[in-house]
Amino acid sequence: MFLLITRKLCWTFCPPCLRQLTCIQADDDLKSMFVGTVMRKIKSRTWKKQRYFRLQEDCMTIWYKSKKAGNTHSTSVREGHQSEVLLSIADEFPPDRCFTLVFRGRRGNLDLVAESAGEAQSWIKGIRKLIDNLENMGQREKLDQWICDWFKKADKNRDGQMNFKEVQDLLKMMNVDMNEHHALRLFTTADKSQSGTLEDDEFVLFYKMLTQREDVLRVFQEYSGDGQKLTLQDLKDFLREEQLREDGVQQYALKLTERYEPSDTARMLQVMTFDGFLMYLTSPEGSIFNPTMVELYQDMTQPLCHYFISSSHNTYLLEDQIRGHSSVEGYIRALKRGCRCVEVDCWDGPNEEPIVYHGHTFTSKIFFKDVVTVLGNYAFKVLFHFTPSLIHTHGHTLSPPQASQYPVILSIENHCSVEQQKVMAQHLTQILGDKLLKTPLHGKFPIGLPSPEDLKGKILLKGKKIGGLEDSMNGVVDDSLMGEKSKQSLSKELSDCVVYCKSVHFSSFKHSQIHSKFYEISSFTESKARKHIREAGAEFVLHNARQLSRVYPSGLRTDSSNFNPQDMWNAGCQIVALNFQTAGVEMDLNDGLFCQNGHCGYVLKPAFMRNIDERFDPENPQNGGYKPLSLSIQVISGQQLPKVNIKEGSIIDPLVRVEIHGVPLDQAKQETRYIDNNGFNPVWYDTLQFTIHVPELALVRFVVEDYDKTSKNDFVGQFTLPFTCIQPGYRHIHLLSKDGTSIPPSSLFVHVRITKLT
């Protein structure tokens, strides 16, 4: 969910919005926001203008006066000088009056300065409360809010009523192609007052008739003895036979009834009505994503090389690789998405201060010390956007999102002189303090890489090093500034900051097996990595069972596009660095893999990729413990799919494509047919069948597109998850936008079956 920031006054008096007025009356901070405040909007050192800001009655919208109109979605608020813009005016305004609203996607931040520290705190606390409330909104509240939003859009004259013409316009806005006679029949039925308009509860009734879920009713009646309710035994039968629930079925059925059944009488009788059944199926328990795998569930005590690590390439860039804007914001956004390996390209800067930018290009420049400061402030801070639909589960509320305490790797591309390398080392040591790992754990020479658990709260430097870890521990490193395998001179001070991630040139797998140390890491371009996978896939997997590998995009990707990370994960490569600023299928896969295990940025590799005695070849996975599975997905229906064409009267023709991403043998995709002119409640009942040969590595991506017979289909929404996190049975898939933002209440309804192939 999100907080809406808008530059134009909006009208908010429909029933759900009126109920939310109570949130203002009960909270002093929100009362103050509701009255409104004059604050300075800051764009640069020279652009500082006063604007009047005020919280609207819906507790979701902040209005401020401007000549321009538009809106955007805020996901977090930062206190103090926590943006480049506010840092630039730090000498003019104290940090206790400054705060920043951060947005998803490419939209820039909104930097504000209040007239007093008290006013700033009131807005900071108030906005955080609103965001928390929205993120923890229940399914029924989300639906109420969605209805409220449509009511406001349709009521053009803002009189709190809707005539039939406004209803017809509303249907087109909602992606519904309905003939006039049927629309008039629904309108007349809902118009209980016979006033010729719909008001308050009449509009809610109209919406309920419009959204009647015949697909879910069909399932409900199959298990209901009288077609009106599910007895406890009926619900248990459904959970066992369809949802394949095995343990504690009775207790689970009782919890579901208690949690989702809206009727007090039905709850007392331990039965579930259709409304309760629908609420359950649209809840996190009814999600395709297994809620037990949302939280941290994997063993975190294995060596670092046994994990896939969420990793960013050229993290400082917000745009392309040639003229793009460099910013510390790139690091904050990457960490917010769960990234645990970030990159800096360091060059000599003015006044002996190293700078970060994409060398020999026109990208802008930032100071290295500012990057280190941001890393120290945000490496272990709660920042990521936790998917609200996965928070509530099994009759209780999961712990709120915690900051990942697992290590962050700072990958340094070092182009600096020895003198400025010393400055880099000084900044790292002074700014990061104890967070920077400068010596092996426990002061002893290790025999292997430590685990993420061992390295909690630590920042590791990846870079070139003079000599080996053994030499530095024995104190035998001389004052030579020349590192092996490189013509570049190295500062001993910077070299000493590298412990477990010494960058070395890769010669061959045979050479590495004989000579490489566990603390050495090699980097590969995407093309070199693919070549090794084709020619020696099994050797690459074994290499990655012993030490770390990093794969990065080709230098030809000047537009900051990405390669397919799945190919590299198939070979066990841990640090697969992507351009986080570029939305698309590649980042969908990255988000899909790392949305499990507490979103901590580390995912344990399958056992056959960690065991050096096994020989797994991603190109020929049939060797070894081969256990293929059959995946059957019946795509039943879609709900409230968003419009992709703003042209008036345009309604989408949706189709669903299911993609399997995994080893080459598993790469597959199938589509449903498209449905003409119905993005509101399309129905397919199309079944798609797949064979999954290596389920431990497979990701499943659901994509909704608007079919176009004359041009490329338009993207509507998607959801990606690991195959191993799928829940079988009747499930809802809550769709995400192109940049990974949730778009409630848009969803798909599917039936999933996974069986063993004999």
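Cβ coordinates come from backbone N, Cα and C, glycine included.
Worth saying up front: this structure is predicted, and the values here are computed from it rather than measured.
The feature active site is assigned by TrEMBL to His313, His358. Annotation comment: TrEMBL describes 41-68, Lys462, Lys464, Ser523, Arg550 as substrate binding site. Annotation comment: TrEMBL describes Asn314, Glu343, Asp345, Glu413 as Ca(2+) 3 binding site. Sequence annotations record features per position, and here TrEMBL assigns Ca(2+) 4 binding site to Ile651, Asp653, Asn677. For Asp706, Tyr707, Asp708, the entry in TrEMBL reads Ca(2+) 5 binding site. Residues or ranges marked as domain 'PH' by TrEMBL: 31-132. What TrEMBL lists as domain 'EF-hand' is 142-177, 178-213. Residues or ranges marked as domain 'PI-PLC Y-box' in TrEMBL: 494-610. The domain 'C2' annotation in TrEMBL covers 610-737.
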His313 (active site) to Phe53 (substrate binding site) - Cα separation in whole Å: 38
Integer Å distance between the CA atoms belonging to Glu343 (Ca(2+) 3 binding site) and Lys49 (substrate binding site): 35
Fewest other C-beta atoms within 10 angstroms, as judged across Phe53, Tyr707, which are the binding-site residues: Tyr707
Tertiary neighbours of Asp708 (Ca(2+) 5 binding site) (same chain, Cβ under 8 Å, six or more apart): Asp653, Asp714
Binding-site residues: Asn314, Asn677 - member with fewest neighbouring CB atoms within 10 Å: Asn677
Candidates Thr61, Asp345, His358 (recorded positions) - the one closest to Asp706 (Ca(2+) 5 binding site) by CA: Thr61
Count of other CB atoms lying within 10 Å of the CB belonging to Lys462 (substrate binding site): 23
For the domain 'EF-hand' (142-177), the number of residues DSSP places in helix, strand and coil: 23 helix, 2 strand, 11 coil
Within 10 angstroms of His358 (active site), Cα basis - binding-site residues out of Phe53, Asp345, Lys462: Asp345
Position of peak Cβ density within 10 Å, selected from the recorded positions Lys41, Arg45, Lys49, His313, His358: His313
Cβ neighbour count (within 10 Å, all chains shown) around Ile651 (Ca(2+) 4 binding site): 20
Neighbour count (Cβ, 10 Å) for Glu343 (Ca(2+) 3 binding site): 25
Nonlocal neighbours by CB distance (under 8 Å) for Glu413 (Ca(2+) 3 binding site), same chain, sequence gap 6 or more: Glu343, Val344, Asp345, Cys346
Cα distance (Å, whole number) from Tyr707 (Ca(2+) 5 binding site) to Arg45 (substrate binding site): 47
Composition by DSSP (helix, strand, coil) of residues within the domain 'PI-PLC Y-box' (494-610): 52 helix, 24 strand, 41 coil
Inter-residue C-alpha distance, Asn314 (Ca(2+) 3 binding site) and Lys41 (substrate binding site) (nearest angstrom): 30
8 Å Cβ shell about Asp706, Tyr707, Asp708 centroid, Ca(2+) 5 site members excluded: Ile652, Asp653, Pro654, Leu655, Tyr674, Glu705, Lys709, Asn713, Asp714
Residue from Ile651, Asn677, Tyr707 whose C-alpha is spatially nearest that of Lys462 (substrate binding site), among the binding-site residues: Tyr707
